[in-house]
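The structure appears below as structure tokens.
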Amino acid sequence: MQEILIPLKEKSYKVFLGELPEIELKQKALIISDSIVAGLHLSYLLKRLKALEVRVCVIESGEKYKNLNSLECILNSAFEMQLNRHSLMIALGGGVISDMVGFASSIYFRGIDFINIPTTLLAQVDASVGGKTGINTPYGKNLIGSFYQPKAVYIDLAFLKTLEKREFQAGVAEIIKMAVCFDKNLVEILETRDLKDCLEEVVFQSVSIKAQVVTQDEKEQNIRAGLNYGHTFGHAIEKETDYERFLHGEAIAIGMHMANDLALSLGMLTLKEYERIEDLLKKFDLIFNYKITDIQKFYERLFLDKKSEDKTIKFILPKGVGAFEIASHIPKETIIKVLEKWH
């Protein structure tokens, strides 16, 4: 069992990487999962969990259910179980479950503990660590949420055996995101080695990057923004396609392609660097046939991104390989020219 400490001022915790251990709790625990994950992995967790009382809340699977209705379902289950401030919630699932359970925990009785047990690669390397929680609204993605850290995170790679290839690749997109912005060495590992042979090493390294970034910038005031590479465009893509056509990681991959195009046009990437990042995305089949239906509407959606300030869109763009820059005040014409490539 490998451990990664995330030392924060208000709430430090550990990420455990290895076979899920027996978890003994002296309080009530509400497990929240989705309809697919519960069928695959709930019994595995229940065999390893001992608590004063355990109940399960199952919600529908998918990004489109990351909404107020599902949040209300979680909170109602907590009230019906009579959870108190000493109780906790357990998130068993992917990024959608992790985000919603974290948010529910942050507002129930003004905050109770929760544990993340991520079952997708995307959630293991990204969503379950760092304390970003939230739900989507008709206006955009994650526009209601909070920064709220888990009590602990348990990453068991055995969960990934049931993942479809598409889900796995979506998680790889988030790994590439971190590598391109923060770690040249990880880029080289992804370029030169078979991921199946080094998956545990790559997951450990990805979580370590996330841990270092979150430790330095928990509330996303500066360096943590680098974790949003591809997200300004990606969130607009998800909204345009009603959260149904693409998985989150797939939309982020398309967003990274767009960000690369913008970085190249601004001279932040050389053609060689641009092609290197593009080739890495292609290696993992993160190439998609996507066309923007209405460029002006798409452009306007970019302003709903949480990073936007004073009617200015902020983009996280790669600056070479292993670094990034927060770019703002980019002329509309420059952005539109990039979008036209995808029209």
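Cβ atoms are placed via backbone N, Cα and C, with glycine included.
Listed features, source Swiss-Prot:
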type    : residues                                       : note
BINDING : 61-66, 95-99, 119-120, Lys132, Lys141, 159-162 : NAD(+) binding site
BINDING : Glu174, His231, His248                         : Zn(2+) binding site
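Overlay of Swiss-Prot feature records on the structure.
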residue	record	contacts (Cβ under 8 Å, 6+ apart)
Ser61	NAD(+) binding site	Asp34, Ser35, Ile36, Val37, Val96
Lys64	NAD(+) binding site	Asp242, Tyr243, Glu244
Gly95	NAD(+) binding site	Pro118, Thr120, Leu122, Ala123, Asp126, Ala127, Ser128, His248
Ser98	NAD(+) binding site	Ala91, Asn116, Pro118, Ala123, Ala127, Ser128, Thr133
Phe159	NAD(+) binding site	His41, Pro118, Thr119, Thr120, Gln124
Thr162	NAD(+) binding site	Leu40, His41, Thr119
Glu174	Zn(2+) binding site	Leu121, Leu122, Val125, Asp126, Ser206, Gly249, Ile252
His231	Zn(2+) binding site	Ile252, Gly255, Asp305, Ile316
**Fill in**
Note on Zn(2+): the CB centroid of Glu174, His231, His248 has further same-chain residues inside 8 Å, namely Gly95, Leu122, Asp126, Ala173, Lys177, Gly230, Gly234, Gly249, Ala251, Ile252, Gly255
**Request:** Report, as a single number, how many Cβ atoms besides its own are within 10 Å of the Cβ of His248 (Zn(2+) binding site).
**Result:** 28
